[in-house]
Every structure is written in structure tokens, then in C-alpha cells.
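Encoded as C-alpha cells, the structure appears first; notes follow it.
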Amino acid sequence: MTISSTPRSSTAGRRLDVDAPAAKVVFGAVGAIILLGAWQLAAASGSFGSGLPTVTATLTELARLLTTPAFWADTGVTVASAAAGLALAVTGGVILGVLIGMFEPVWAATLAITEFLKPIPPIVILPLAVMVFGPTSKMALFLVVAGCLLTVSIQAIAGVRDADPVALATARSYGMGRAETLWRVVLPGATAFIGTAVRVSAPASLVIVVVAGLLGGAPGLGRSIYQAQAGGLYPTLYALVVVLGVLGVASQWASSAVERRVLHWHPSFRKETP
């Protein structure tokens, strides 16, 4: 008796590789087209009145804004404030994280404080920042540092405390001091944690700067959005929101690219070899 099996069709078992770069581009484009189409139909229907301009009106206004010096000045201030605040937060967060993570008594003493501050959004200190710095770029910078410092320090603490015990024991057996062990063993192992914090904080810093302009009057795109809303200039408002979306995506891509570049040696970023 011969037992035969029907071979499974190659097309039936084939799955679409949605992780392929080309597939991501195609699906992303399709999603964007669907979203823009829904936006255009909703605005053209008149159900939302003048509060929702059409896509064409928004893009026309965006093209006009790109030719104005004021737009580029506001964009530059926003990006500069976010970047400077993020740099200060990363520097301070890494230093704090290393100091807390390396010393067990310090970690135990600050654990409750860290857990208490973790759920508090930085915007709650906006009134204090406005009183101290006024509606200035310094106020936005302060809020970014306050908003991102804790995220970076928590990740740095986790990275330091996650150091490989075998590697630490090996470093001690070779007579390495605390500073050399930190530089050669602890920090390289913590860079993946810190990289994640930077990737999360990069778009968050942009959001904080915009909120500082919307609610605190700090110069930049946030204040421009508030002025457009107050004046009923809805195409301008939506055009600026589109710009913020583009800046957010760009900051995410940039931080991810830097992370891959710096951590190319890390197992999570190595390409599998056959």
C-alpha cells in the first residue's frame, strides 16, 4: 500500500513579509492615502464647518508657510530647544543613573523618590517655569530637561544594575579599579538601555517644547499654533500640525539611526549570518 501526500501549494503557505523595507513603504503610503482621503471627504462634507479645512487648503497654506522667514525662525527655535534640552537631559540622566546604579545604598535611598516622580508629567511645573523664566526659550529648555531627565536616568540605572556578574567578577580578578570597570564593563552594557531612553525622549522633547509654546507662550511652533487657533486661521493651524508630525517622525528616525550606529556591536543590532 502506497501512502501519498498532496504537497502543499507554495503560494498557499507563502506569507507576506510585512517587515521588508519595500512592504513598509507600500503599506505606509497606502495608510497615508486612506487617511488623507478620509480627511478630505470629512472636510468637504461641511459637517465640521470651518474648523476642519480640506487637505488641499492645508497643503496650499503649508507651501506658503515654507516661503516665510517667520516659519523657519519658529521651526529653528523649536528644534534647537528640543535638541539642547535633550542633550542636557541625556548628559545629566546618564551621570545620575551611573551614580545611583553603582552604589546600592544610594539606589535604595532614591528608589521611592524615583517611583513617586515617575508618573508626574513635566507640564505640571509649567506655572513655576513661567514665573521663573517667563515665556522664553529658557522656560521650554527647562521643561524638556525636567521631562526627559528622569526617563534617561531610570534607564541608565537599569542598565548599570543589569551588568553581567561574570564580567564584573572577571574585571575584579584582573585588578581593574571601579573607574576602569565602569568604563570597560558597566557602561558598554548599559548603552542599549540608554539608547532606548534617548529614542523615546527625542520625540517627547519636541512635544514638550510645543506644549510650552501653546500654554506658556514660549517662542516656536507651539506659540504659532496658539496664535493661529486664536485667530481662526485653521489652514495655518493644521499646516503647522503637519510640520510637527514630520519633525516628530524625523526625530524618531534620527535617534534610531544614531542608536543603530553607536550600538552596531550589540547583539540586538547584529544582523544574523547564515
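Each Cβ is built from the backbone N, Cα and C atoms, and glycine gets one as well.
Annotated domain 'ABC transmembrane type-1' per TrEMBL: 75-255, in sequence order. As annotated by TrEMBL, transmembrane segment applies to 21-42, 79-103, 115-133, 139-160, 181-198, 204-221, 233-254.
Taking residue pairs at least 6 apart in sequence, the transmembrane segment (181-198) and the transmembrane segment (115-133) share fewer than three C-beta contacts under 8 angstroms.
Residues 86, 90, 93-94, 97-98, 101-102, 151-152, 154-156, 158-160, 162-164, 167-168, 171-172, 255, 258-259, 262-263, 266, 268 of the same chain lie 6 or more positions beyond the ends of the transmembrane segment (181-198) yet place their CB under 8 Å from a CB of it.
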